[in-house]
Amino acid sequence: MFAFAQTTPTELVRSKFSTSEIQYRALSSLPDDLLQHLPEDTSTYSLFQGFQASIHDADNEHRKSHRRRSSHGQKRLEDVDRNTGALPPTIGHLKRERDSLNHRLEMMGVRKNMCSAEIHEIDNKIMNLNKMRKIVLDRLAGLEMDEADLEHEYNRLEDMEDALDESVAAATAATPKTGDIPSSPIGDGEGDSSFMSESIYEKIPSPKAWRHKTSKKRSTPVLHEHFEPGSLIRELQAHNDMIAALDFDVPFGTMVSAALDDTVRVWDLNLGRCMGFLEGHHASVRCLQVEDSIVATGSMDASIRLWDLSRAKYEPRDHRADRDEDDEDALGFEDPAAAPPTPPPSSMDECPLFSLEAHVDEVTALHLRGDTLISGSADKTLRQWDLVKGRCVQTLDVLWAAAQASSTMAAGDSAAWRPTGRLPDASADFVGALQCFDAALACGTADGMVRLWDLRSGQVHRSLVGHTGPVTCLQFDDVHLVTGSMDRSIRIWDLRTGTIHDAYAYDRPVTSMMFDTRRIVAAAGEDVVKVYDKTDGRHWDCGSGVASEDDGRAHSIVERVRIKDGYLTEGRKDGTIGIWKC
(Lines of atoms letter the chains of each structure in order from A and count residues from 1; the text may use other names and numbers.)
(Lines give C-alpha, C1' and ligand atoms only; values in the text may rest on other atoms or scores of the structure.)
Protein backbone atom coordinates (compact mmCIF):
# COMPACT_ATOMS: atom_id res chain seq x y z
CA MET A 1 0.00 0.00 0.00
CA PHE A 2 2.87 2.40 0.84
CA ALA A 3 4.63 1.45 -2.36
CA PHE A 4 1.48 2.30 -4.23
CA ALA A 5 1.48 5.74 -2.64
CA GLN A 6 4.87 6.45 -4.23
CA THR A 7 3.60 5.92 -7.79
CA THR A 8 3.26 8.87 -10.09
CA PRO A 9 -0.16 10.11 -11.24
CA THR A 10 0.54 8.79 -14.76
CA GLU A 11 1.25 5.29 -13.53
CA LEU A 12 -1.83 5.45 -11.35
CA VAL A 13 -4.04 6.27 -14.32
CA ARG A 14 -2.48 3.52 -16.49
CA SER A 15 -2.93 0.88 -13.79
CA LYS A 16 -5.52 -1.86 -14.01
CA PHE A 17 -7.19 -0.90 -10.72
CA SER A 18 -10.81 0.01 -10.78
CA THR A 19 -11.93 3.56 -10.13
CA SER A 20 -13.32 2.76 -6.69
CA GLU A 21 -10.12 1.00 -5.69
CA ILE A 22 -7.99 3.93 -6.87
CA GLN A 23 -10.20 6.33 -4.93
CA TYR A 24 -10.03 4.18 -1.80
CA ARG A 25 -6.24 3.87 -1.94
CA ALA A 26 -5.79 7.57 -2.62
CA LEU A 27 -7.87 8.51 0.40
CA SER A 28 -6.60 5.87 2.81
CA SER A 29 -2.87 5.85 1.99
CA LEU A 30 -0.16 8.35 2.99
CA PRO A 31 3.21 8.83 1.28
CA ASP A 32 6.33 7.83 3.19
CA ASP A 33 7.71 11.39 3.20
CA LEU A 34 4.62 12.56 5.06
CA LEU A 35 4.85 9.69 7.50
CA GLN A 36 8.43 10.65 8.32
CA HIS A 37 7.35 14.10 9.53
CA LEU A 38 4.57 12.99 11.82
CA PRO A 39 4.88 14.68 15.25
CA GLU A 40 5.56 12.47 18.22
CA ASP A 41 2.53 12.11 20.45
CA THR A 42 3.32 11.78 24.14
CA SER A 43 -0.29 11.50 25.25
CA THR A 44 -1.58 8.17 26.48
CA TYR A 45 -4.99 8.59 24.89
CA SER A 46 -6.18 8.89 21.32
CA LEU A 47 -8.02 11.75 19.69
CA PHE A 48 -11.21 9.71 19.69
CA GLN A 49 -10.88 9.05 23.41
CA GLY A 50 -10.51 12.75 24.06
CA PHE A 51 -13.57 13.45 21.95
CA GLN A 52 -15.47 10.72 23.74
CA ALA A 53 -14.45 12.14 27.13
CA SER A 54 -15.69 15.61 26.21
CA ILE A 55 -18.98 14.22 24.89
CA HIS A 56 -19.37 12.24 28.09
CA ASP A 57 -19.10 15.48 30.05
CA ALA A 58 -22.07 16.90 28.18
CA ASP A 59 -24.10 13.73 28.65
CA ASN A 60 -23.16 13.59 32.30
CA GLU A 61 -24.27 17.17 32.87
CA HIS A 62 -27.56 16.39 31.12
CA ARG A 63 -28.09 13.32 33.25
CA LYS A 64 -27.27 15.23 36.44
CA SER A 65 -29.80 17.91 35.62
CA HIS A 66 -32.39 15.30 34.73
CA ARG A 67 -31.64 13.44 37.96
CA ARG A 68 -32.09 16.63 39.97
CA ARG A 69 -35.46 17.27 38.39
CA SER A 70 -36.76 13.74 39.03
CA SER A 71 -34.92 12.90 42.25
CA HIS A 72 -38.04 13.06 44.38
CA GLY A 73 -39.95 10.54 42.30
CA GLN A 74 -36.99 8.17 42.11
CA LYS A 75 -36.65 8.15 45.86
CA ARG A 76 -40.27 7.18 46.23
CA LEU A 77 -39.90 4.32 43.69
CA GLU A 78 -36.80 3.03 45.48
CA ASP A 79 -38.71 3.02 48.73
CA VAL A 80 -41.49 1.03 47.12
CA ASP A 81 -39.00 -1.51 45.71
CA ARG A 82 -37.34 -1.84 49.09
CA ASN A 83 -40.63 -2.47 50.83
CA THR A 84 -41.78 -5.05 48.28
CA GLY A 85 -38.55 -7.00 48.72
CA ALA A 86 -36.93 -6.80 45.24
CA LEU A 87 -34.78 -9.68 43.98
CA PRO A 88 -30.96 -9.44 44.32
CA PRO A 89 -29.10 -8.18 41.18
CA THR A 90 -27.96 -10.72 38.65
CA ILE A 91 -24.36 -11.40 37.57
CA GLY A 92 -24.94 -9.77 34.21
CA HIS A 93 -26.25 -6.65 35.84
CA LEU A 94 -23.17 -6.46 38.10
CA LYS A 95 -20.83 -6.94 35.12
CA ARG A 96 -22.56 -4.17 33.20
CA GLU A 97 -22.33 -1.91 36.23
CA ARG A 98 -18.65 -2.77 36.67
CA ASP A 99 -17.90 -2.13 32.99
CA SER A 100 -19.70 1.19 33.20
CA LEU A 101 -17.69 2.26 36.23
CA ASN A 102 -14.47 1.10 34.57
CA HIS A 103 -15.31 3.15 31.49
CA ARG A 104 -16.03 6.16 33.63
CA LEU A 105 -12.69 5.74 35.42
CA GLU A 106 -10.92 5.58 32.06
CA MET A 107 -12.70 8.73 30.96
CA MET A 108 -11.72 10.41 34.23
CA GLY A 109 -8.08 9.57 33.52
CA VAL A 110 -8.43 10.96 30.00
CA ARG A 111 -9.97 14.15 31.34
CA LYS A 112 -7.16 14.51 33.88
CA ASN A 113 -4.59 14.13 31.11
CA MET A 114 -6.46 16.70 29.05
CA CYS A 115 -6.43 19.15 31.97
CA SER A 116 -2.70 18.55 32.55
CA ALA A 117 -1.98 19.13 28.87
CA GLU A 118 -4.02 22.33 28.93
CA ILE A 119 -2.18 23.57 32.02
CA HIS A 120 1.15 22.78 30.37
CA GLU A 121 0.06 24.68 27.27
CA ILE A 122 -0.97 27.67 29.38
CA ASP A 123 2.39 27.59 31.19
CA ASN A 124 4.19 27.64 27.85
CA LYS A 125 2.09 30.59 26.73
CA ILE A 126 2.83 32.44 29.98
CA MET A 127 6.55 31.75 29.57
CA ASN A 128 6.48 33.03 26.00
CA LEU A 129 4.51 36.09 27.07
CA ASN A 130 7.03 36.80 29.84
CA LYS A 131 9.83 36.60 27.28
CA MET A 132 7.95 38.98 25.01
CA ARG A 133 7.29 41.29 27.97
CA LYS A 134 10.97 41.38 28.85
CA ILE A 135 11.85 42.23 25.25
CA VAL A 136 9.31 45.06 25.16
CA LEU A 137 10.46 46.24 28.62
CA ASP A 138 14.06 46.44 27.40
CA ARG A 139 12.85 48.34 24.36
CA LEU A 140 10.96 50.76 26.63
CA ALA A 141 14.09 51.27 28.73
CA GLY A 142 16.07 52.09 25.61
CA LEU A 143 13.41 54.54 24.45
CA GLU A 144 13.44 56.32 27.80
CA MET A 145 17.23 56.60 27.70
CA ASP A 146 17.07 58.05 24.19
CA GLU A 147 14.30 60.36 25.33
CA ALA A 148 16.43 61.58 28.22
CA ASP A 149 19.31 62.27 25.83
CA LEU A 150 17.07 64.27 23.51
CA GLU A 151 15.62 66.24 26.40
CA HIS A 152 19.11 66.97 27.71
CA GLU A 153 20.15 68.22 24.28
CA TYR A 154 16.97 70.28 23.98
CA ASN A 155 17.56 71.95 27.34
CA ARG A 156 21.18 72.66 26.43
CA LEU A 157 20.15 74.37 23.19
CA GLU A 158 17.45 76.30 25.03
CA ASP A 159 19.98 77.55 27.60
CA MET A 160 22.35 78.57 24.82
CA GLU A 161 19.53 80.46 23.13
CA ASP A 162 18.63 82.28 26.37
CA ALA A 163 22.27 83.17 27.00
CA LEU A 164 22.60 84.51 23.46
CA ASP A 165 19.46 86.61 23.85
CA GLU A 166 20.79 88.06 27.12
CA SER A 167 24.14 88.90 25.57
CA VAL A 168 22.45 90.59 22.62
CA ALA A 169 20.21 92.58 24.98
CA ALA A 170 23.21 93.61 27.10
CA ALA A 171 25.16 94.67 24.03
CA THR A 172 22.20 96.69 22.77
CA ALA A 173 21.82 98.43 26.13
CA ALA A 174 25.55 99.23 26.30
CA THR A 175 25.67 100.72 22.78
CA PRO A 176 25.45 104.57 22.98
CA LYS A 177 22.66 106.20 21.06
CA THR A 178 23.33 108.47 18.11
CA GLY A 179 24.08 112.00 19.25
CA ASP A 180 25.21 111.10 22.76
CA ILE A 181 28.53 112.70 23.70
CA PRO A 182 30.57 110.56 26.09
CA SER A 183 31.96 112.52 29.02
CA SER A 184 35.73 112.38 29.33
CA PRO A 185 37.03 111.71 32.86
CA ILE A 186 39.47 114.08 34.53
CA GLY A 187 43.07 112.97 34.70
CA ASP A 188 44.14 109.59 33.40
CA GLY A 189 41.01 108.70 31.43
CA GLU A 190 41.67 105.05 30.67
CA GLY A 191 42.90 104.13 34.16
CA ASP A 192 40.07 105.94 35.97
CA SER A 193 37.42 104.52 33.64
CA SER A 194 38.55 100.94 34.15
CA PHE A 195 38.87 101.45 37.90
CA MET A 196 35.36 102.89 38.23
CA SER A 197 33.92 100.15 36.01
CA GLU A 198 35.46 97.38 38.12
CA SER A 199 34.39 98.94 41.41
CA ILE A 200 30.84 99.43 40.24
CA TYR A 201 30.44 95.88 38.97
CA GLU A 202 31.92 94.51 42.18
CA LYS A 203 29.34 96.35 44.29
CA ILE A 204 26.29 95.69 42.11
CA PRO A 205 25.08 92.09 42.38
CA SER A 206 24.92 90.24 39.12
CA PRO A 207 21.40 89.53 37.87
CA LYS A 208 22.54 85.97 37.06
CA ALA A 209 23.26 85.19 40.72
CA TRP A 210 19.82 83.67 41.14
CA ARG A 211 17.60 82.78 38.26
CA HIS A 212 15.24 80.01 39.24
CA LYS A 213 14.11 78.76 35.87
CA THR A 214 11.49 76.06 36.24
CA SER A 215 12.35 73.36 33.74
CA LYS A 216 9.19 71.79 32.39
CA LYS A 217 9.59 68.08 31.87
CA ARG A 218 8.66 67.17 28.32
CA SER A 219 8.59 63.47 29.05
CA THR A 220 7.25 61.36 31.90
CA PRO A 221 9.18 58.21 32.86
CA VAL A 222 6.90 55.18 32.92
CA LEU A 223 9.39 52.32 33.05
CA HIS A 224 9.12 51.81 36.81
CA GLU A 225 5.35 51.45 36.54
CA HIS A 226 5.80 48.11 34.80
CA PHE A 227 7.90 46.55 37.58
CA GLU A 228 6.36 44.39 40.26
CA PRO A 229 5.97 46.14 43.65
CA GLY A 230 8.98 45.42 45.82
CA SER A 231 11.30 44.65 42.88
CA LEU A 232 14.82 46.08 42.80
CA ILE A 233 15.54 48.50 39.96
CA ARG A 234 19.15 49.35 40.78
CA GLU A 235 21.62 49.29 43.66
CA LEU A 236 24.53 51.73 43.99
CA GLN A 237 27.56 51.63 46.26
CA ALA A 238 27.40 55.40 46.53
CA HIS A 239 29.50 56.36 49.58
CA ASN A 240 31.98 54.99 52.09
CA ASP A 241 29.94 56.01 55.14
CA MET A 242 26.36 56.42 56.32
CA ILE A 243 23.94 58.22 54.03
CA ALA A 244 22.93 61.45 55.77
CA ALA A 245 20.58 62.89 53.12
CA LEU A 246 19.37 62.19 49.60
CA ASP A 247 16.76 63.50 47.17
CA PHE A 248 15.89 63.26 43.48
CA ASP A 249 13.79 65.27 41.05
CA VAL A 250 11.81 62.68 39.04
CA PRO A 251 11.96 58.90 38.53
CA PHE A 252 15.03 57.97 36.47
CA GLY A 253 16.14 61.60 36.70
CA THR A 254 18.88 63.20 38.82
CA MET A 255 19.65 62.25 42.42
CA VAL A 256 21.88 64.01 44.95
CA SER A 257 23.25 62.10 47.94
CA ALA A 258 25.28 63.22 50.95
CA ALA A 259 27.05 61.05 53.51
CA LEU A 260 29.24 61.30 56.57
CA ASP A 261 32.29 60.79 54.33
CA ASP A 262 32.04 64.58 53.68
CA THR A 263 31.08 64.15 50.01
CA VAL A 264 28.01 65.20 48.04
CA ARG A 265 27.49 63.23 44.83
CA VAL A 266 25.20 63.83 41.86
CA TRP A 267 23.78 60.75 40.11
CA ASP A 268 22.22 60.02 36.75
CA LEU A 269 19.51 57.53 37.72
CA ASN A 270 18.91 56.55 34.10
CA LEU A 271 22.40 55.11 33.71
CA GLY A 272 23.34 54.69 37.37
CA ARG A 273 26.33 57.00 36.80
CA CYS A 274 27.95 59.44 39.18
CA MET A 275 27.91 62.81 37.42
CA GLY A 276 30.27 64.58 39.83
CA PHE A 277 30.87 66.11 43.27
CA LEU A 278 29.36 69.25 44.79
CA GLU A 279 32.37 70.68 46.59
CA GLY A 280 32.39 73.75 48.82
CA HIS A 281 31.22 72.77 52.29
CA HIS A 282 33.81 72.37 55.03
CA ALA A 283 31.90 69.62 56.87
CA SER A 284 29.33 66.93 56.24
CA VAL A 285 26.00 67.85 54.67
CA ARG A 286 23.07 67.01 56.96
CA CYS A 287 20.12 67.97 54.73
CA LEU A 288 19.46 68.72 51.08
CA GLN A 289 16.65 69.20 48.58
CA VAL A 290 16.43 68.93 44.80
CA GLU A 291 13.96 71.30 43.13
CA ASP A 292 14.07 71.06 39.33
CA SER A 293 17.74 71.75 38.56
CA ILE A 294 18.40 73.68 41.81
CA VAL A 295 19.96 71.91 44.79
CA ALA A 296 20.06 73.34 48.32
CA THR A 297 22.44 71.79 50.85
CA GLY A 298 22.74 72.47 54.58
CA SER A 299 25.93 71.50 56.36
CA MET A 300 27.46 71.05 59.78
CA ASP A 301 29.62 74.10 58.98
CA ALA A 302 26.46 76.24 59.59
CA SER A 303 26.20 77.29 55.94
CA ILE A 304 23.68 76.72 53.16
CA ARG A 305 24.78 76.49 49.54
CA LEU A 306 22.76 76.69 46.34
CA TRP A 307 23.74 74.80 43.18
CA ASP A 308 22.47 74.81 39.61
CA LEU A 309 22.82 71.36 38.04
CA SER A 310 21.89 72.67 34.60
CA ARG A 311 25.42 74.09 34.40
CA ALA A 312 27.02 70.69 34.86
CA LYS A 313 29.34 69.43 32.13
CA TYR A 314 27.81 66.03 31.66
CA GLU A 315 26.90 64.24 28.45
CA PRO A 316 24.87 61.04 28.91
CA ARG A 317 25.72 59.87 25.39
CA ASP A 318 29.43 59.75 26.16
CA HIS A 319 28.81 57.59 29.21
CA ARG A 320 26.48 55.34 27.30
CA ALA A 321 29.14 54.80 24.66
CA ASP A 322 31.57 53.76 27.39
CA ARG A 323 28.96 51.44 28.80
CA ASP A 324 28.36 49.81 25.42
CA GLU A 325 32.07 49.31 24.83
CA ASP A 326 32.78 47.68 28.19
CA ASP A 327 29.60 46.83 30.00
CA GLU A 328 31.34 45.11 32.90
CA ASP A 329 33.55 48.10 33.65
CA ALA A 330 30.60 50.46 33.32
CA LEU A 331 28.52 48.57 35.84
CA GLY A 332 31.33 47.46 38.12
CA PHE A 333 30.44 49.96 40.81
CA GLU A 334 27.04 48.32 41.25
CA ASP A 335 28.74 45.54 43.20
CA PRO A 336 28.20 46.45 46.88
CA ALA A 337 31.77 45.35 47.62
CA ALA A 338 33.21 47.72 45.03
CA ALA A 339 34.44 51.23 45.79
CA PRO A 340 32.32 54.28 44.90
CA PRO A 341 32.90 55.39 41.31
CA THR A 342 35.16 58.28 40.39
CA PRO A 343 33.10 60.97 38.64
CA PRO A 344 34.37 62.99 35.69
CA PRO A 345 36.78 65.74 36.78
CA SER A 346 35.61 69.37 36.79
CA SER A 347 32.07 68.39 35.80
CA MET A 348 30.44 70.48 38.55
CA ASP A 349 32.79 73.48 38.64
CA GLU A 350 30.16 75.87 37.27
CA CYS A 351 27.27 74.63 39.42
CA PRO A 352 27.79 76.71 42.63
CA LEU A 353 25.51 79.75 42.85
CA PHE A 354 26.05 81.32 46.28
CA SER A 355 26.25 80.58 49.98
CA LEU A 356 23.92 81.66 52.79
CA GLU A 357 25.64 82.19 56.13
CA ALA A 358 23.78 83.42 59.19
CA HIS A 359 23.35 80.40 61.45
CA VAL A 360 25.86 79.89 64.23
CA ASP A 361 25.47 76.12 64.46
CA GLU A 362 24.93 73.20 62.09
CA VAL A 363 21.99 73.30 59.68
CA THR A 364 19.80 70.24 60.28
CA ALA A 365 16.71 70.91 58.12
CA LEU A 366 15.74 73.04 55.14
CA HIS A 367 12.98 73.41 52.58
CA LEU A 368 13.12 75.22 49.24
CA ARG A 369 10.07 76.49 47.40
CA GLY A 370 10.28 79.03 44.63
CA ASP A 371 12.39 82.00 45.69
CA THR A 372 12.03 81.25 49.41
CA LEU A 373 14.14 78.93 51.53
CA ILE A 374 13.50 78.03 55.17
CA SER A 375 16.31 76.57 57.27
CA GLY A 376 16.45 75.14 60.77
CA SER A 377 19.59 74.90 62.83
CA ALA A 378 20.99 73.55 66.07
CA ASP A 379 21.19 77.19 67.22
CA LYS A 380 17.43 76.76 67.89
CA THR A 381 16.32 79.23 65.23
CA LEU A 382 14.49 79.11 61.93
CA ARG A 383 15.52 81.50 59.18
CA GLN A 384 13.63 82.64 56.11
CA TRP A 385 15.80 83.49 53.11
CA ASP A 386 15.01 85.59 50.06
CA LEU A 387 16.98 83.91 47.30
CA VAL A 388 16.55 86.82 44.89
CA LYS A 389 18.33 89.17 47.28
CA GLY A 390 20.45 86.43 48.80
CA ARG A 391 19.87 87.42 52.41
CA CYS A 392 17.93 86.44 55.52
CA VAL A 393 14.63 88.31 55.83
CA GLN A 394 13.25 86.78 59.04
CA THR A 395 14.49 84.85 62.07
CA LEU A 396 12.14 82.73 64.17
CA ASP A 397 13.25 81.79 67.67
CA VAL A 398 11.79 78.39 68.58
CA LEU A 399 12.61 78.70 72.29
CA TRP A 400 10.93 82.11 72.46
CA ALA A 401 7.81 80.69 70.78
CA ALA A 402 7.76 77.77 73.24
CA ALA A 403 8.12 80.16 76.18
CA GLN A 404 5.32 82.36 74.85
CA ALA A 405 3.02 79.35 74.51
CA SER A 406 3.81 78.21 78.07
CA SER A 407 3.21 81.65 79.54
CA THR A 408 -0.06 82.01 77.63
CA MET A 409 -1.34 78.70 78.99
CA ALA A 410 -0.15 79.53 82.50
CA ALA A 411 -1.99 82.84 82.42
CA GLY A 412 -5.21 81.08 81.43
CA ASP A 413 -6.95 78.17 83.09
CA SER A 414 -4.24 76.52 85.16
CA ALA A 415 -6.40 73.48 85.82
CA ALA A 416 -6.61 72.75 82.11
CA TRP A 417 -2.90 73.33 81.53
CA ARG A 418 -0.69 70.48 80.45
CA PRO A 419 2.91 70.40 79.18
CA THR A 420 3.25 71.25 75.51
CA GLY A 421 6.23 68.98 75.03
CA ARG A 422 9.01 67.12 76.73
CA LEU A 423 12.68 67.76 77.38
CA PRO A 424 14.75 67.62 74.21
CA ASP A 425 16.73 64.48 73.53
CA ALA A 426 20.44 65.21 73.46
CA SER A 427 21.02 62.72 70.63
CA ALA A 428 18.35 64.22 68.36
CA ASP A 429 18.45 67.35 66.22
CA PHE A 430 16.66 70.28 67.80
CA VAL A 431 14.97 71.09 64.48
CA GLY A 432 14.24 67.69 63.01
CA ALA A 433 12.15 68.60 59.96
CA LEU A 434 10.27 71.46 58.34
CA GLN A 435 8.21 72.29 55.26
CA CYS A 436 6.76 75.53 53.94
CA PHE A 437 4.03 76.46 51.49
CA ASP A 438 3.49 80.14 50.76
CA ALA A 439 3.12 81.71 54.23
CA ALA A 440 2.54 78.41 56.06
CA LEU A 441 5.41 76.67 57.81
CA ALA A 442 5.37 73.37 59.72
CA CYS A 443 8.28 72.59 62.02
CA GLY A 444 9.01 69.54 64.16
CA THR A 445 11.46 69.86 67.04
CA ALA A 446 13.21 67.73 69.65
CA ASP A 447 10.60 68.44 72.33
CA GLY A 448 8.05 66.38 70.39
CA MET A 449 6.06 69.42 69.28
CA VAL A 450 4.86 70.19 65.76
CA ARG A 451 4.40 73.95 65.39
CA LEU A 452 2.52 75.61 62.54
CA TRP A 453 3.88 79.09 61.84
CA ASP A 454 2.52 82.04 59.90
CA LEU A 455 5.48 83.60 58.09
CA ARG A 456 3.61 86.87 57.57
CA SER A 457 3.41 87.54 61.31
CA GLY A 458 6.24 85.31 62.51
CA GLN A 459 3.95 83.75 65.11
CA VAL A 460 2.95 80.18 65.90
CA HIS A 461 -0.56 79.63 64.62
CA ARG A 462 -1.11 76.17 66.15
CA SER A 463 0.83 73.54 68.10
CA LEU A 464 0.17 69.83 67.65
CA VAL A 465 0.76 67.79 70.80
CA GLY A 466 1.02 64.02 70.67
CA HIS A 467 4.55 62.76 70.13
CA THR A 468 6.55 61.73 73.18
CA GLY A 469 9.91 61.85 71.40
CA PRO A 470 11.79 64.18 69.05
CA VAL A 471 10.13 64.75 65.68
CA THR A 472 12.52 63.62 62.93
CA CYS A 473 10.44 64.00 59.74
CA LEU A 474 7.23 65.57 58.50
CA GLN A 475 5.32 66.29 55.30
CA PHE A 476 1.93 67.83 54.58
CA ASP A 477 -0.49 68.24 51.70
CA ASP A 478 -3.80 70.08 51.40
CA VAL A 479 -5.56 68.15 54.17
CA HIS A 480 -3.16 66.02 56.21
CA LEU A 481 0.17 66.40 57.98
CA VAL A 482 2.23 63.24 58.53
CA THR A 483 4.95 63.19 61.19
CA GLY A 484 7.51 60.62 62.32
CA SER A 485 9.26 60.58 65.65
CA MET A 486 11.84 58.86 67.80
CA ASP A 487 8.93 57.54 69.87
CA ARG A 488 8.55 54.90 67.10
CA SER A 489 5.21 56.26 65.88
CA ILE A 490 3.91 57.87 62.71
CA ARG A 491 0.95 60.18 63.18
CA ILE A 492 -1.41 61.54 60.53
CA TRP A 493 -2.95 64.87 61.54
CA ASP A 494 -6.00 66.61 60.12
CA LEU A 495 -4.90 70.17 59.40
CA ARG A 496 -8.49 71.43 59.41
CA THR A 497 -9.18 70.41 63.00
CA GLY A 498 -5.69 69.90 64.43
CA THR A 499 -6.60 66.41 65.63
CA ILE A 500 -5.05 63.02 64.94
CA HIS A 501 -6.62 61.30 61.95
CA ASP A 502 -4.63 58.05 62.21
CA ALA A 503 -1.53 56.68 63.92
CA TYR A 504 0.59 53.54 63.92
CA ALA A 505 3.93 52.49 65.39
CA TYR A 506 6.98 50.38 64.60
CA ASP A 507 9.49 48.51 66.74
CA ARG A 508 12.26 51.13 66.44
CA PRO A 509 12.54 54.93 66.11
CA VAL A 510 11.51 56.50 62.81
CA THR A 511 14.41 58.39 61.24
CA SER A 512 12.96 59.30 57.83
CA MET A 513 9.55 59.39 56.19
CA MET A 514 7.87 60.53 52.97
CA PHE A 515 4.59 59.90 51.18
CA ASP A 516 3.14 60.13 47.71
CA THR A 517 -0.44 59.85 46.52
CA ARG A 518 -0.80 56.25 47.71
CA ARG A 519 1.97 55.14 50.08
CA ILE A 520 3.74 56.30 53.23
CA VAL A 521 7.31 54.97 53.39
CA ALA A 522 9.50 55.16 56.47
CA ALA A 523 12.93 54.16 57.73
CA ALA A 524 12.53 52.65 61.19
CA GLY A 525 15.91 51.24 62.18
CA GLU A 526 15.57 48.04 60.13
CA ASP A 527 17.12 46.67 56.95
CA VAL A 528 13.85 47.21 55.08
CA VAL A 529 11.66 50.17 54.20
CA LYS A 530 8.33 50.12 56.01
CA VAL A 531 5.49 50.80 53.57
CA TYR A 532 1.92 51.72 54.49
CA ASP A 533 -0.63 51.61 51.67
CA LYS A 534 -3.16 54.33 52.36
CA THR A 535 -5.66 52.87 49.89
CA ASP A 536 -6.20 49.46 51.45
CA GLY A 537 -4.53 50.03 54.84
CA ARG A 538 -1.93 47.33 54.28
CA HIS A 539 1.56 47.32 55.84
CA TRP A 540 4.40 45.60 54.00
CA ASP A 541 8.20 45.69 53.75
CA CYS A 542 10.31 46.67 50.77
CA GLY A 543 14.08 46.38 50.47
CA SER A 544 17.01 44.04 50.45
CA GLY A 545 16.26 42.82 53.96
CA VAL A 546 13.08 41.08 52.77
CA ALA A 547 15.15 38.28 51.22
CA SER A 548 17.79 38.20 53.97
CA GLU A 549 16.44 34.94 55.36
CA ASP A 550 16.71 33.27 51.95
CA ASP A 551 20.16 34.44 50.85
CA GLY A 552 21.72 34.39 54.33
CA ARG A 553 23.29 37.84 53.90
CA ALA A 554 23.26 40.58 56.52
CA HIS A 555 21.98 43.86 55.09
CA SER A 556 22.62 47.34 56.40
CA ILE A 557 20.10 49.52 58.23
CA VAL A 558 18.02 51.95 56.14
CA GLU A 559 18.56 55.56 57.26
CA ARG A 560 16.89 57.77 54.61
CA VAL A 561 13.98 57.24 52.21
CA ARG A 562 12.45 59.23 49.36
CA ILE A 563 9.51 58.28 47.13
CA LYS A 564 7.83 59.90 44.13
CA ASP A 565 5.20 58.22 41.96
CA GLY A 566 6.05 54.78 43.32
CA TYR A 567 9.79 55.24 42.62
CA LEU A 568 11.56 54.61 45.94
CA THR A 569 15.15 55.42 46.87
CA GLU A 570 16.64 54.40 50.20
CA GLY A 571 20.05 55.19 51.72
CA ARG A 572 21.67 52.80 54.18
CA LYS A 573 24.21 52.99 56.96
CA ASP A 574 26.96 51.35 54.86
CA GLY A 575 26.69 53.99 52.11
CA THR A 576 24.61 51.88 49.72
CA ILE A 577 21.62 53.35 47.90
CA GLY A 578 18.83 51.07 46.70
CA ILE A 579 16.23 51.99 44.09
CA TRP A 580 12.96 50.05 44.18
CA LYS A 581 9.51 49.88 42.67
CA CYS A 582 7.11 50.50 45.51
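Glycine too: its Cβ is placed from the backbone N, Cα and C atoms.
Note: TrEMBL annotation is automatic and uncurated.
These numbers come from a predicted model, not from an experiment.
Among the features that TrEMBL reports, region 'Disordered' is placed at 56-88 (among others).
As annotated by TrEMBL, compositional bias 'Basic residues' applies to 63-74.
According to TrEMBL, the coiled coil annotation covers 140-167.
The region 'Disordered' annotation in TrEMBL covers 170-192 (among others).
Annotated repeat 'WD' per TrEMBL: 236-277 (among others), in sequence order.
The repeat 'WD' annotation in TrEMBL covers 278-317 (among others). Panel annotation: around the repeat 'WD' (278-317), residues 145, 148-149, 152, 155, 159, 210, 212-215, 244-249, 254-256, 258-262, 264-266, 268, 270-271, 344, 346-357, 359-369, 373, 375, 377, 379, 385, 387, 429 of the same chain, lying at least six beyond its termini, place a Cβ under 8 Å from a Cβ of the stretch.
The annotation region 'Disordered' is assigned in TrEMBL to 316-351 (among others).
If you look up TrEMBL, you'll see 356-395 (among others) marked as repeat 'WD'. Listed by sequence, the residues of this chain that lie at least six past the ends of the repeat 'WD' (356-395) yet keep a Cβ under 8 A from its Cβ atoms are 205, 209-210, 212, 283, 286-289, 291, 294, 296, 298-306, 429-437, 441, 443, 453, 455, 458.
The list of residues near the repeat 'WD' (441-463) in space but at least 6 beyond its ends in sequence, with Cβ under 8 angstroms from a Cβ of it, reads 374, 376, 382, 384, 394, 396, 398, 401-402, 404-405, 420-425, 428-435, 469-474, 476, 481, 483, 485, 487, 493, 495, 498. For 441-463 (among others), the entry in TrEMBL reads repeat 'WD'.
Secondary structure of the repeat 'WD' (464-503), assigned with DSSP and counted as helix (H, G, I), strand (E, B) and coil, comes to 0 helix, 24 strand, 16 coil. The repeat 'WD' annotation in TrEMBL covers 464-503 (among others).
DSSP places the residues of the repeat 'WD' (356-395) in helix, strand and coil in these numbers: 0 helix, 26 strand, 14 coil.
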